[in-house]
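Participant: Input: one structure, supplied below.
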Amino acid sequence: MGKRVILHSDINACYAAIEHLHRPELNGKPLAVGGDPEARHGIVLTADYIAKKYGVKTGMALWQAKQVCPELNIVSPRMDLYLRFSRMAHEIYGEYTDLQEPYGVDESWLDVTASGSLKGDGYKIAKEISNRMKSELGITVSIGVSFNKIFAKLGSDYKKPDAITTMYEDEFKSKAWALPVSDLLYVGRSTNQKLARFGIKTIGDLAQTDEHLLMSHLGKMGGILWGFANGYDDSPVKMEHTHAPIKSIGNSTTTQRDLENDEDVKIILYILAESVAARLRDNGFKCRVVEISVRDNELYSFTRQHKIDHATNITGEIATEAYRIFKENYNWRKPIRSVGVRGADLVNDNYWEQMDLFSSVEQREKQMKLDDAVDTIRRRFGFYSVQRGLMYRDKSLSSVNAKEDHTTHPIGYFG
Amino acid sequence: MESVKVYVDVTAEFSKEGVLTPKSFIWKDGKVYEIQRVKDMRRAASMKAGGVGMRYTCVVDGRESYLYYEDNNLWFVEGKAGA
């Protein structure tokens, strides 16, 4: 196989750039896109480059951001608008290759190997894409050009905004190896700490460490990261529209006020389970694993999952299981700030069922019909037209439509 | 001088090939401007008015001006603040 030409294109400060474009009056002024401060999900989703200079960072609470940058303009996110831009960006990429793999809303890998003869080398294509993004969409991108996905991503992070960085085979030792190892995809905080204990600070350090030593301390991931650092990543850019069927469907929410007791949590778990189950049904899936995530008001978080006996997309079953897992794993030392429910290990909904003596098939069928009926009513008359009695215990807590408000997250690299 | 986004009413024509071409627009004072010729159409961002769409380079009264068809199905031109 010849050398591949892989681009990684990253829209610079994506949400903030799109907001700037639509608000010329804020030109040259610091801007951050953040959740509605009154609904308490008050964090910065994206800050523009001016705000970043003041020290505004993604994930910061809005009041903190205002402290470091008093003139900051905070605007609420308009996800539908960003998704529209994301689609338009994909249309532009699509003119250079059919091999494009999105990574979140604002990043994409493109395998342009086959376009070489027609469109020129990787750098030339990157330049053309960059110019078109500017003139057609009014936003800038950073693009990395390399022979694999990992170094292409490093290249797009190398210089921002509005830059093109090559990471060719004869360059990566001088460019990539000098970077801190935490810049590498999949080196998170905890891996970074482990590596630091061995004196591994840069990607170069990692590349020159003995592979077996890494594997003995980090397991399989040690070998993978070592390969990444040495440029051995040969994972393909996955073709458009050929995503492997999704692995899980989940929803989480930060609540308007802290959750203080079992009943509060039950309300939220049921809302989330309703959304997860409805989305499973919409897509013709059932799950065989239920997972919950909990984050307390000091931002400590954990997830727990449990395999269930019958593949299900019944709201009641998922909710009951989620609540059971929660009861087993939380001791109420602190109030809770956010919770999530996820259905994983998905199968098609025509998946065969092993029947057993202890669960009533008839009962389950009734529940499925019930869910069907609720779905139909909601489709016709709106989400709030039919509610569980539980939701009336606390109207402000239960006023989220988790299914419509849900956010999508990047799919995993190994997906 | 600051530019602003001015949404306008447009009369346009669909050809049987599916090409959409604006023929005239009504400015906010009510005056109808005939578009004599469309010199270019492409997707473009308007940094002045703030928006993205199909940009038609129109000749109106012998002068060139941009008319944008946004993907929210509204037409706008780059006006001048206070004009």
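A Cβ is built for glycine as well, from the same backbone N, Cα and C atoms used for every other residue.
As the structure is a computational prediction, the values presented were derived from the model and not from experiment.
Take a look at what TrEMBL says about it:
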- A:6-188: domain 'UmuC' (DOMAIN)
- A:Asp10, A:Asp106: Mg(2+) binding site (BINDING)
- A:Tyr15: site 'Substrate discrimination' (SITE)
- A:Glu107: active site (ACT_SITE)
Participant: Can you tell me how far the Cα of A:Asp106 (Mg(2+) binding site) sits from the Cα of A:Tyr15 (site 'Substrate discrimination'), in Å?
Facilitator: 9
Participant: Using the alpha carbons only, what distance in Å do you get between A:Asp10 (Mg(2+) binding site) and A:Glu107 (active site) once rounded?
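Facilitator: Given the Cα positions, A:Asp10 (Mg(2+) binding site) is 4 Å from A:Glu107 (active site).
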Participant: How big is the Cα-to-Cα gap, in Å, between A:Tyr15 (site 'Substrate discrimination') and A:Glu107 (active site)?
Facilitator: 12
Participant: Suppose we draw a 10 Å sphere around the Cβ of A:Asp106 (Mg(2+) binding site). How many other Cβ atoms does it contain, all chains included?
Facilitator: 23
Participant: Taking every residue in the domain 'UmuC' (A:6-188), what is their average pLDDT?
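Facilitator: Looking only at the domain 'UmuC' (A:6-188), pLDDT averages out to 91.
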Participant: Looking only at Cβ atoms, how many others are within 10 Å of the one on A:Tyr15 (site 'Substrate discrimination')?
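Facilitator: Around the Cβ of A:Tyr15 (site 'Substrate discrimination'), 27 other Cβ atoms lie within 10 Å.
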